[in-house]
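Now, the feature entries from TrEMBL:
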type: COMPBIAS; residues: 8-18; note: compositional bias 'Low complexity'
type: COMPBIAS; residues: 34-51; note: compositional bias 'Low complexity'
type: DOMAIN; residues: 64-231; note: domain 'Nodulin-like'
type: DOMAIN; residues: 321-509; note: domain 'NFD4 C-terminal'
type: REGION; residues: 1-52; note: region 'Disordered'
type: TRANSMEM; residues: 62-83; note: transmembrane segment
type: TRANSMEM; residues: 130-151; note: transmembrane segment
type: TRANSMEM; residues: 157-179; note: transmembrane segment
type: TRANSMEM; residues: 191-217; note: transmembrane segment
type: TRANSMEM; residues: 223-241; note: transmembrane segment
type: TRANSMEM; residues: 326-344; note: transmembrane segment
type: TRANSMEM; residues: 364-381; note: transmembrane segment
type: TRANSMEM; residues: 393-411; note: transmembrane segment
type: TRANSMEM; residues: 417-441; note: transmembrane segment
type: TRANSMEM; residues: 453-475; note: transmembrane segment
type: TRANSMEM; residues: 495-513; note: transmembrane segment
Amino acid sequence: MTSELTIRSRSTTSMTSTAEGDGIMYQSQEEDTTTNNSDTSSNVTTNSSRTMLMPPPPRYSGVWNTLILSVAIGLVSGSLYGFGRYSKDIRDTLQLSQIQVQRFGILLDTGNYVGHPITGFAYDKLGPKVSCIAAAIIVFISYGSIHFGLWNTSVPLWLVDLGFFGVGFGSGLGYIVGLGRATKDFYGTTMLGKAVGLVSSGYGLSSTLVGITYHIFGLEHFFLFWMFFVAFVYVLGAIIYTDDRQQVEEGIINEVDDVPYTEHAEVQSTTSPNMYATGSGDENIDDRLLSTTTLASSNDHESVPLQQTSLTITTMEWDTWRRLDFWLLFSAFGCVTGSGLFVINNISTMVQSIGGQDAMSGRLIILLSMCSVSGRFFMGILADHPKLCKLDLFRYASLTMAFGLFISGIFGTSPTVLLLTVAMVAFSYGGAWVLLVGILSESYGKSNFGKDYGLIVMGPALSGFIFNTFSARLYEQHTDNDSGVCMGEICYRNSFLITSIAAVVGCIILSRISKPTP
């Protein structure tokens, strides 16, 4: 970074300012002589390199309380991962075909992932409070629609379709609030990866909570319980979270109040950008705010009043979607997570196809949840390691998923092989979501995180729709005409092979993405 700075002053003054939220500390020293341009540039560079990351917030800071709340919001927002636990019972209760019941799962995923561009935009514009209230209303109505449609024969099936879409959409809005808040609270600190990993782990653990509550309440009262449970947690978030915009305004006011009166100064400029370099080498301002304070006087004996201080706030233009690397990441993420969704949404029918009991489906759902949580938290820890590249970690995760799917395609879905496949797929799937957040914030900053995240997670919606629809049609080709149930390894063998190839394709695409310049 090169810049020309000339500072003149009669006396030596030292000012240190800390921008809360950025975690960046910067200094400007005014000396009695004219500072050389090249020396000033090197000093600024040295100070920036020494303060890239800050320690985590103090123990009694309020961000730890909001982190716990964000984890709780993640815990109730990932109920779509438990769809495989009750999909077979819904099919039997409503007497549907496998393609029809898969439509519910596809709508659940579609509402969650395709809705993210809207929910991300809403979160960036409305803040966490309003977003939590909106999410609570949406999921309350949607879960109620599913419950009402399952146990009232006069209700049209489209109402259940709408309910599943609404659950996915509302849950996605709630999750992006928790995830976005954790990212903003810990951005620029050594805890960012771990904080995101905790919130994402709660999201992955949701399928275990689904399995436990489904065992307790059964299909008859399951959706009724989640209708009140999720809405309560989101309302709690609306009460506890503070508005991001309010915090920004308060921080600006405090910074202006701290600027002293300066006598005999020609020009004094203090800037606090957090710079990052993209793969193309261009420098971009990462933070939402570019705060510039300028003090000027017309003669040597006049002090500058505070009212003459100019403060410029610039909202960064959203241009991430114009970059090739972003769309490569979109494609790779879709290939990997779509393959994972194929396993997640079909666990109960996979168990049925190999002659397993319903209890085995419950155990696999819990295993899925535990491995997903482990992958999210483990990758969150590795993502904070300064010597490890997140794109490389993502490639390893995609290869792990490809291997897990491949062994079921080659050796067949016996109970042991299916258990191994679920464990490897869930671990890789969970880790991919944590790494995505780190890659986005590292490459494109946090200024438009909601929009970036919302757009890129449309990939799993598209790929999940393709893989689940295709697997359902392959399943239907081998079903018994009387029972409508497919038995044997042939039911999902080709689907496992196709999704394993997709995961390998995702790994290849990741290798073509430019790594961020340190």
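Just so it is clear, glycine is given a Cβ too, placed from its N, Cα and C backbone atoms.
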Candidates 130-151, 157-179, 223-241, 326-344, 393-411; stretch with most C-beta pairs under 8 Å toward the transmembrane segment (62-83): 157-179
Long-range environment of the transmembrane segment (417-441) - Cβ separation under 8 angstroms, sequence gap at least 6: 179, 183, 187, 192-193, 196-197, 200-201, 203-204, 329, 333, 336-337, 339-341, 343-344, 347, 350-351, 354, 364, 367-380, 383, 390-391, 393-394, 397-398, 400-401, 403-405, 407-408, 411, 449, 452-453, 456-457, 496
Annotated stretches the transmembrane segment (453-475) and the transmembrane segment (326-344) touching (3 or more Cβ pairs under 8 Å): yes
Sequence-remote partners of the transmembrane segment (495-513) [C-beta within less than 8 Å, at least six residues beyond its ends]: 279, 325, 328-329, 331-336, 338-339, 342-343, 391, 394-395, 398-399, 401-403, 405-406, 408-410, 413, 421, 463, 467, 470-471, 474-475
Contact between the transmembrane segment (130-151) and the transmembrane segment (223-241) (3 or more Cβ pairs under 8 Å, separation 6+): yes
Interface-richest range of 223-241, 364-381, 393-411 toward the transmembrane segment (157-179), CB pairs under 8 Å: 223-241
Interface-richest range of 191-217, 223-241, 364-381, 393-411 toward the transmembrane segment (326-344), CB pairs under 8 Å: 393-411
Top partner of the transmembrane segment (191-217) among 223-241, 364-381, 393-411 - counted as Cβ pairs under 8 Å: 364-381
Local confidence of the prediction over the domain 'NFD4 C-terminal' (321-509), expressed as mean pLDDT: 88
